[in-house]
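S.K.: Dropping a structure here in structure tokens format, bear with me for questions.
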């Protein structure tokens, strides 16, 4: 059964951060047509942490890419506040990413030639209202490793640098695509704690893709994707602390 | 087709931009080599065939007057195969509508059929008619310069008598391949020409019936000219012989051989540099290209392909790229070779052209290029196949960077992160940056060393024609005359000043070393044509002894204080033992000077002059020319202005054509290096750049990071290139020395500027092409997979 419960519990104030209407994405490879998204209506609210679950190819990454202004839908619209993202041109999208969106990837994609601090500074230098790189790294528990190069950091530490890099600009939206996918459980927990902390302390709207159902317990809301559609939406009454999780 | 070969074709197609850039680099090296060697080969073959078919003589001699009966005695000299005697004279010719006096070298031909030796190639019209004294066959270059056709008439002064001559044909001769007037440096087809006339007609005009004043001899196979020359000299001594000489000293052949010698230097040195540079660049580019294929190599090995199979696969890829370059280079080289051969042939006036390049140059070029490419790729393939498949399929671990050094300096604090990325990238792989910079440097160096010819030639012309000479006209007399002739010339209209010279043909000997040349007697206070050292100073004429050009001193292995044996080949033919007093540098020829009065004393002759330098008032030049045309005693009129024009025109036709090819090839090199460097950097760092785009960097900002690194490397390369260019220029000018020319090594600041600018332009163009690709980065792929 498909539920479109796009609302949070009545007790919380609900300001939409980003919303989609009839979002459809069709990929054509040769003569094959793949419907990655099929008419998705979704609203993400300010300060909420949403976990997107679903099998491979269910459309969650495609959705994240479109929300982050990396890809365009075939049909449908995306609104960021009052602005229609889908009407933006290339440079406006770049601007949107630069000012409002933080990305965390499965592979950390740090710049090997820059230290942790400099990797963060890379973003703070071009953002309108950033926090200090050291502060961002402090938030993810790397205050001691500011001047280490990526090659000198563990996978979990690299991912936390990536998170610091994503949040240092104080983005309105944080998009994380399988942030723990390449990490062992212990490192994964530390990374998720960092994400949770950012979400709570900065009030950043956070969308997190994962294959790991356990992680869904940290979300305000869990959205389950199947065949390019929202299959189910579940509001978490009892959010768990990440530190309580294991997998 | 097996799957690997299919992959090969698709990879080549995918990498087509780089394939073409590498092929162009290879093609530049191959093309220059083939062009140079094939044209050299063709010119040498053509010259030899021409000489053989038209029976170019091997020994020549001039006499005042000898009876024809002597012909039989010459023929009987041991070693002589055939003899041809003739009458040869210089005459002033008046061409209607051409203001300046024209000098004709009149050469007799038998009225019935070809001469024994130095046969003519009749290009138009017909042979002279027996009994007709006014018919002439003109040298084709002269006829063309003046637009003469058979049937046209003109006037000439033959031994004081004005005659109207009718052109019956035009011809070429192996004896006048390089048709050059006495004392001239370059052919001037407007002012000097060869006129062939019937023997009887010339004999009558010059009172040489049953006599000759020139003889040419061919030798039996295997006979050296030296012995024949000695015997011929003995025979001709009583008839005013000026010393027989071998083909190698014959003026046209000497010039031709010098030209070919220069061409040989050029066609070995320049292409060697090009080929080496192209090999180095191919090597560098391919090594990096293969290094990015690491994942695919791991995959192939995981499928079960052996190291050998994988290695062979990439070897084929490299061979395909290089092979394409070789084929393009062959084609371009062949085409340009043929073209430049035609240009040379046109200048040398060969009646036919044998352009049949042998396989040698094609093979050398192919082997060198292929080897350089394979060796370059081999190292990268070897290190890639050495990894275990699992390891090579994983992305390489993030390279280790370190703080410290340059990046920790106070200056570094000012840098933004993108600039830090650029600098760290360079500092982390200094060798790679250095190799790329060297690649740029080499293309700049080749550019500069090609362009420097223009500066050198300008300097050479300026020194020779403007610093060392101040006369407007130099007049050569048919034979040495009393010094009173100076006053006669001073009285001619427009003549402001006259200085005289006496020039005699002589053999210079020192030990076993011999040079046949001329000894110039000049006035000690000469101002119009003093002894001018190319370092920029006038050398004083010592009262006794010789002042030798350094090149001649080098040939004779003598220096100041040594003595040289000078065998004068004219007049009383004295042999003089003269001390070398000083040396001076020249760019052109290898002259020897002596004080003129001392010379006349030594020659046991009263004061005589043979050449006159005139300073002329331009306003009265026309009148002066009209007077000169009437003078019977003149054998040469050389206008400095015309000589400068001819010098440049001749060089423009030959040397400059080559230089423009070299410049074009250098540009290709520069473009190939920069494009490939940027393109490979893009492959290596595509993911990093896409990440930055995702983080909100604009296209321009990531272009800065990628092209900034390339740009910085280019900037490192430029001064390196200027330095290397200086070295190459030195190497080439040194190798280019011939008896005729020494090219000074002059590189104007603007030449460095042009070289640098061209390299920058090539860099900018390739930067733009790569930037296009930067716009098409796949941002989404970054989020998921490793490349």
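In case you wondered, yes, glycine gets a Cβ from its N, Cα and C as well.
These figures come from a predicted structure and were not determined experimentally.
TrEMBL lists B:20-43, B:273-292, B:312-337, B:358-380, B:429-454, B:655-682, B:703-732, B:752-770 with the feature transmembrane segment. For B:23-234, B:434-584, the entry in TrEMBL reads domain 'MacB-like periplasmic core'. As annotated by TrEMBL, domain 'ABC3 transporter permease C-terminal' applies to B:269-385, B:661-770.
Explain the structural surroundings of these features, please.
M.R.: Along the domain 'ABC3 transporter permease C-terminal' (B:269-385), the predicted structure has mean pLDDT 81.
Below 8 angstroms of C-beta separation, residues 4-5, 7-8, 11-12, 18-19, 22-39, 42, 282, 286, 290, 293, 297, 300, 305, 355, 357, 361-362, 365-366, 369-370, 373-374, 376-378, 381, 661 of the same chain, each at least six residues beyond the ends of the transmembrane segment (B:312-337), sit close to that stretch.
Outside the transmembrane segment (B:358-380), and at least 6 residues removed from its termini, the chain residues within Cβ reach (under 8 Å) are 22, 26, 29-30, 33-34, 37-38, 41, 275, 278-280, 282-291, 314-315, 317-319, 321-323, 325-326, 329-330, 333.
Note on the transmembrane segment (B:429-454): residues 270, 273-274, 277, 280-281, 284, 288, 655-656, 659, 662-663, 665-667, 669-670, 673-674, 677, 710, 713-714, 716-718, 720-729, 731-732, 743, 745-747, 751-752, 754-756, 758-759, 762-763 of its chain, located 6 or more positions outside it, place their CB under 8 angstroms from a CB of the stretch.
Beyond its flanks by at least six residues, the transmembrane segment (B:703-732) meets 265, 269-270, 273, 418-419, 421-423, 425-426, 433-434, 436-449, 452, 674, 677-678, 681-682, 685, 689, 692, 743, 745, 747, 752, 755-756, 759-760, 763, 767, 770-771, 774 of its own chain at Cβ-Cβ distances under 8 Å.
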S.K.: What is the number of residues in the domain 'ABC3 transporter permease C-terminal' (B:661-770) that are helix, strand and coil, as DSSP sees it?
M.R.: 93 helix, 1 strand, 16 coil
S.K.: Report, as numbers and ranges, every residue of the chain located at least six residues beyond the transmembrane segment (B:273-292) whose Cβ falls under 8 Å of a Cβ in that stretch; write 'none' if there are none.
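M.R.: Distal contacts: 15, 18, 21-22, 25-26, 28-30, 32-33, 314, 318, 321-322, 325, 365, 368-369, 371-373, 375-377, 379-381, 383-384, 432, 435-436, 438-439, 442-443, 446, 449, 662, 665, 669, 672-673, 676-677, 680, 683-684, 728.
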S.K.: Please list the DSSP helix, strand and coil residue counts for the domain 'ABC3 transporter permease C-terminal' (B:269-385).
M.R.: 102 helix, 0 strand, 15 coil
